[in-house]
Amino acid sequence: MPTIQQLVRDGRYTKSFKTASPALDRCPQKRGVCTRVYTTTPKKPNSALRKVARVRLSNGIEVTAYIPGEGHNLQEHSIVLIRGGRVKDLPGVRYHIVRGSLDTSGVADRRNGRSKYGAKRPKEGAKK
């Protein structure tokens, strides 16, 4: 507990909060253009070909973003919307691409968790 004299001399200081997604500039999402779409492999215990894209954001920063879901229609020069959220087994990937917005299509034939993948509600007659 500081003395009054120490508070007068030094004052209180606020702890600075370091954001997990600095390229978003405190925005919930940002728009960007894909400069490269490719696959990469995850860290040690896992094995896969994860789909990622290099995206140049509207503020000029270039980031690597993960493309969630099965299958995608992205290619170079596609306009995408990115949100924060890292991929634990891909080092350096701190952003997700939002499916179903701008040039990104939703996941086809998705039935559960559709809102996270931009999939429309299936027609009632089209059951299995």
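Any Cβ shown, glycine's included, is placed from N, Cα and C.
For reference, Swiss-Prot has these:
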- Asp89: 3-methylthioaspartic acid (MOD_RES)
- 101-128: region 'Disordered' (REGION)
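Broken down with DSSP, the region 'Disordered' (101-128) shows 4 helix, 0 strand, 24 coil. Around the residue listed as '3-methylthioaspartic acid', the same-chain residues at least 6 positions away in sequence with a Cβ under 8 Å from its Cβ are Pro42, Lys43, Asn46, Arg50.
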